[in-house]
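Colleague: OK, TrEMBL features for this one:
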{"type": "BINDING", "residues": "234, 235, 236, 237, 238, 239, 240, 241", "note": "ATP binding site"}
{"type": "DOMAIN", "residues": "213-614", "note": "domain 'UvrD-like helicase ATP-binding'"}
Ligand SMILES: Nc1ncnc2c1ncn2[C@@H]1O[C@H](COP(=O)(O)OP(=O)(O)OP(=O)(O)O)[C@@H](O)[C@H]1O
């Protein structure tokens, strides 16, 4: 063990100061440089046209002028780029100055004369002469030693092969404002002391980077480059989301020449989550990837005429519903519509549509039929069947555009047009005038040609009115997708064997909704999928890597659909089947439980250690689920969770008391988690008169430190210092087990559950010494 309080500490602190000096020198130089570049940019913008020779007399002159403008613009954009890079560099240096590094390893490579000291930070830093690394980026190949080994024989991979040697020292630092606040030498992986420090702090409203304490098994996930699909099944609080974000940073670093943040997409569980994770990558000096919820993606693609149910409303329905026939039909529908069997049936249906059954919409104008759906139908089916449906749709589209142009011409002679022309605004006349001028520039015509003007105005009026029609045709709205989707439930399906027994009731339930212009969440994916098969959709080639967080909430159909949308993407799926709150409510399969669906090049990782909650909370929550004994808590002590029985009329009062206690103890984010949105609203209405409290609803995009009231399913992925479960006796049904587990695992330090009724049967398997009953 080294002298961590004495000489070693002094030496290390001296080094920190000398590194900080180097940083300051660099900052000075770059600031000067940036100032110069900035004034260049300013100057070029100001004098842009002075340095351009503008001459439009002859065609040759025009070409020369264009070249001159281009050259000047390129010069400007080069300067702007440099300015941006220098600023980026300055920001990184500012971060390094505060905390230059968090780790050190001394590695003696086989065949070398001495060990090299490798200091790890969020970015690399060279010495004044740009010869030696003072800090290595945590993502550099050599840095993996820090995460993968304890002192002893160690190796790391480079492009040139495996480098072997001996790690003589592994040291960790906590440095703030250039001062060492903590320093630990570690024997086993990333030492407990450092983790203790990090995990013992308060919950934050934004996720933190875990770069200094990434664990070995997390590092395997972060640096994996072999597999096309990487699946992480990790228990609650095992660092799946953290690992995912570090992985994004790692990939951006490794492939910095080819991969940019806009090539990476994260599907997140709810809008709140987006802001929760938003600071991690910028903290690491990287830009955020694209982010959306899958539902947002689907809604953008759905016909606006529909009233679309979202995933949260579907869950509310499942939570509130009673086991009536309508309910069980719906559950069976959800199960089947998420399955690959249903997808197969849709594929078969579309292949039949190639010969018959497609439906179209009339194209009408001012109440007159221009082209009827029958005409479109006949035209479509007159085309060669060897062409795919989307190809034929393109031919139909071209035909329709031509027909529309003809109709547009015919329309110009109609009486209504002349009338409209007379009522045109001054601006319209002006526009016509400009157009005429343009047109007549190379001719002898003059504008006072009244007839010409009238003709142009007529054209303008009709064009304007036809615009929506052209737009409809261009976006293939002449295909009646809603009816085609509806038809799927009105006829025999190809593979009847896979259909659930109550398929007929499912069909009539679905049709009722569709006829009402409502679309249920379970129909959204299949609807858009069908639409894509018919309209043809160019796959997205820009996205090269997809991350799906909370992957357990995706059905196999949804996952197959995402694969189809992003065929060139690698995928990282992160989830926990014990938190499958959506499928838990219906018992359906999810991507995580049905792993074979993804085929080859798949690698699966298991994370069984959990870091979020105290040991006592983990010991309680792991008894709520099967196989919970495999979950390994991190050894952080706390109080046992409490279940407090309380009369309904007293519960709000007790919540207030509990909140006040927690606040006195220093907890900063306290969540009162309710089962549903409605319950959250009721509780919020009661509490808000007494204390400052925020409510989280499905559209909420960010939150602040303090007291929150939040429905169970929106707390997914997020954590709080203390969790108060509004009424745990309400989670009674087996299908709510995973929801209850998810709710309780949000707590870092304290978990307090009120029970206004009998204890839930879900607690039967939990030993009574795992919680305190009041
Ligand atoms: N290696 C680590 N070092 C420090 N903290 C860590 C580490 N891994 C995870 N954590 C912390 O544990 C908590 C849970 O992490 P995270 O939210 O990434 O887990 P998760 O597996 O996505 O959780 P869940 O599925 O329950 O939402 C966070 O506070 C995170 O900072």
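Just so it is clear, glycine is given a Cβ too, placed from its N, Cα and C backbone atoms.
Show me how these features fit into the structure around them.
Modeller: Under the three-state DSSP scheme, residue 241 (ATP binding site) falls in the helix class. Of all the Cβ atoms in the protein chains shown, 24 others lie within 10 Å of the Cβ of residue 241 (ATP binding site).
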Colleague: Specify all same-chain residues, apart from the site residues 234, 235, 236, 237, 238, 239, 240, 241, whose Cβ lies within 8 angstroms of the center of the Cβ atoms of the ATP site, ordered by sequence.
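Modeller: The surrounding set, listed in chain order, is 242, 576, 607, 610, 611, 612.
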Colleague: Among 235, 236, 240, which binding-site residues lie by ligand 1, judged by Cβ under 6 Å to any atom?
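Modeller: Listed by sequence, the hits are 236, 240.
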Colleague: Which one of these binding-site residues, 234, 237, has the sparsest Cβ neighbourhood, judged by other Cβ atoms within 10 angstroms?
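Modeller: Least crowded of the binding-site residues 234, 237, by Cβ count within 10 Å, is 234.
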Colleague: Take the domain 'UvrD-like helicase ATP-binding' (213-614) and average the pLDDT across it for me.
Modeller: 87
Colleague: Pick out which of the binding-site residues 235, 236 has the most other Cβ atoms within 10 Å of its own Cβ.
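Modeller: Highest number of other Cβ atoms within 10 Å: 235.
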Colleague: What count of other C-beta atoms do you get within 10 angstroms of the C-beta of residue 239 (ATP binding site), across all chains shown?
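Modeller: The answer is 25.
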